[in-house]
Amino acid sequence: MSTTAFASLGLSAPTAKGVEEMGFTHMTEVQAHTIPALLSGRDVLGAARTGSGKTLAFLIPCIELLYRAHFKPRNGTGALVISPIYGVAQDLMRHHSQTHGLVMGGANRRTETEKLVKGVNLLVTTPGRLLDHLQNTKGFVYRNLACLVVDEADRILEIGFEEEMRQIIKILPKERQTM
């Protein structure tokens, strides 16, 4: 644990309240090193042990970016997280007006399509399902994408999603922050 408090970041009230309700007051080392850089718009490649706080380290800046840009459902997807960490995203987004959702293989594709067409500002997804929606879902607005997070990239590549990731990166807008 670092000595740097989350309060020192100047987070929006909704994000600060979410962090507080999750029981966090001080950042871990990885959070203290990455969150300020990410909040300033820099790209970051980080590696740390499981349980070190990486998920919050990238979710907080993504959510702040959406909040500060006043993202609405009509703006489509502004932050895309390729990883199965939806629970933490839900907790942090609780006090925000931006929309959030999860799309993954095995879920009802039609329900997902309806959500995506309405507008999901923070989307947590798996590579295969994301590629499917990028290629086949008419009305899925991702041209305003501001933030791309690839969580556990090593594992995603190890389990055989390298080609899907190449295609996803090729389709997504080039002007974005990457974590």
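The backbone N, Cα and C atoms fix where each Cβ goes, and this holds for glycine too.
Keep in mind that what you see is a predicted model, and the values were worked out from it rather than measured.
As annotated by TrEMBL, domain 'DEAD-box RNA helicase Q' applies to 4-32. Annotation comment: TrEMBL describes 4-32 as motif 'Q motif'. For 35-179, the entry in TrEMBL reads domain 'Helicase ATP-binding'.
Per-residue confidence over the domain 'Helicase ATP-binding' (35-179) averages out at a pLDDT of 91. Secondary structure of the domain 'DEAD-box RNA helicase Q' (4-32) per DSSP (helix as H, G, I; strand as E, B; remaining residues coil): 17 helix, 2 strand, 10 coil.
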